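Participant: My questions will all concern the structure given below.
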Amino acid sequence: MTKSLRNTLATLGIAVAVGATAVPMLSVWTQKESYEPIAYPTQIGSISGSTKWPTVLVDFNDSTSDADVQAFATQYGLKLEPNSIEAKDNRLYRVVAGKADLETLRHDSRVQAAEPEIQFNLEQTKQDAQEFPCSTMPCSEVAKIRAIDPTVETTKMPDPTVHVYDSQDDSLLKVRYESDGGNSAAVSLIASGPSKPIEINLDGVILGTRPNDPLYDKQWNFRMIDTEGAWERTRGKGAVVAVIDTGVTQARDFKQTKFTVGYDFVNKKVNADDDHGHGTHVAGTIAESTNNNEGVAGIAFEATIMPLKVLSSEGGGTSGDIADAIRFAADKGANIINMSLGSMYPSDVIHEACKYARKKGVTIVCAAGNSFREGVGYPAAFPECIAVSSVGPSGTLSKFSSWGKQVAIAAPGGDMIDSRDPNDGILQNTVYSGQDDYFAFQGTSMASPHVAGAAALAYSQGTKDPAKILDLLKKTASKPKENNVKKYGAGILNVGKLTAKAEAENGWKLRHTLALAFAGLLLAFGGPLGRRNVLLRAGVGAAIAGGFFVPDMVTNLVGADSAWNLLSFSALVPALLVWALRRGPGLKLASGAALGFGVNLFANWNNATIPFTTATFGASALPWTLTNMAVALGLAVASAFWAAKRLR
């Protein structure tokens, strides 16, 4: 056997061994859908025909032309019309006349889904609405902000030295007390309506940011998820959250909330007002006006709401309108979608819309359902969606909450079934039964927007990929009292930890980028490279930078959990470069690229930000990452040694 053949076989053996480390991840990419298709009636008819289904939806492939749709209708003797004014571009049609075999339609190459229209409803319990009017604590009353002991009722100040000053970015009012000793725990402050959230520092201990909304103390759910800790870092600015629900009314406590254009798919008009109350309550949890001396707070109160009405005043809606709304949100700039609605029947039309939105980088959050038992509803159970179960004030699963293997995380959704106490519900402003007031609702409908608001906070910090947002949610969740993954997923939402982790992950990227750029400049221009000219030195620096940045650029294009990341987050590219340039002066460029790829893999592994997220793959991505990191760094060292040896 010649030396050349031995080298070739050795190289192939190493390549096969490295490739084998991807095997543990293959089962995730190839897993089957988590639901079974429904057995629909074989024959379908018009809305007045012989079937019990009111109508049939035909979802054509996006590449299908108007002529193709017309030819399809003629071929099967059907009359079709777009599901809505927005549906024509998305190719979602309703069969309004004619009969056909449903299986035949499904197998037509122009069709990606065909099914009888499915009814969806609110994920809200029948006992959910408890009024919490402002009269219980007048909305004009000055906010009471307790320093340490939440049971303290006194408004008399002791005699500490008080320092009041603005934060560095002028967004907070900071209050510092220098107490005279043992009564420090009894200090409470009556704030006369400051224009900013307050940060209290008692004897050097920072207690967090507090808004001046007079009913904020009733929001036990915000304390559970540590919103004050999150607000020290971000308030959701720049994120757009689509609320696919009963619509959103700009009620009394939404005057400072930002809105973008939405649509009413029920009544086919632009203004998506809420004639039920559910959607406005959901939107309030996400982004109700905060620190405005009115009512309560919202989690990501600087985010923008996109109201999309798909449910009627009775709380019911159709799979066609929901699918249209999902695609509308994805096309019109929504970054996060919240759907506090559901059905026990999976809709292929909605599933295709979820796939479409996910491919466009939209994070989809859904209520798991209120079935009082195991079994997550749809669309929450689709793999593109984040299914949210509900916990009450005690931190245990709400009595009504659905649960199951698809649950990703739990969040506060209230639990008033036994107590009948509105203090145990989720308090937000809405217009309900004709009253613009504050109401305590319960349901996984209320839990889901907590997670959507958290996603908006992470998005505003620069974590935009849906898979990475899910990974952050899971990594930072608080551990529940009961160890039950089906009930709580990764745990209970914690936005304080979430934003801290997001800040740290995005911060290290800048630090590593600057460090790598500096190292590249030193290598290219500061260190001796023998007889190589300036262009080669600059090329080496560029190759290092390229190797470092290319993998992340690919991830931004294809998504964090895409199989294409196997190519960019690997030693394949540097190995090919080393092989191709092994006999010439370009070997140093290949060495630089290998160093960049290796350092990138090390940095992502060290900071737990590898694109094959732990939320999706667990530890199965570690063999691939560590093996390819070692090979890339080994190639960098070996090729640099070979290149230097030639110069001697």
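Including glycine, each Cβ sits where the backbone N, Cα and C put it.
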Participant: Name the residue range among 12-29, 534-551 that TrEMBL annotates as transmembrane segment.
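Facilitator: Within the set 12-29, 534-551, TrEMBL attaches transmembrane segment to 534-551.
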Participant: What is the average pLDDT across the domain 'Peptidase S8/S53' (236-491)?
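Facilitator: PLDDT averaged over the stretch: 96.
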Participant: Near D245 (active site, charge relay system), how many other Cβ atoms are within 10 Å of its Cβ?
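Facilitator: Around the Cβ of D245 (active site, charge relay system), 30 other Cβ atoms lie within 10 Å.
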Participant: Given a Cβ distance threshold of under 8 angstroms, which distant residues of the chain, six or more beyond its ends, lie next to the transmembrane segment (563-580)?
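Facilitator: Hits for the transmembrane segment (563-580): 11, 15, 18, 22, 29, 547, 550-551, 554-555, 587, 589-591, 593-594, 597-598, 600-601, 604, 610-612, 624-625, 628-629, 631-632, 635-636, 639.
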Participant: If you measure D245 (active site, charge relay system) to S445 (active site, charge relay system) at Cα, how many Å is it?
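Facilitator: Checking the Cα atoms of D245 (active site, charge relay system) and S445 (active site, charge relay system) gives a distance of 10 Å.
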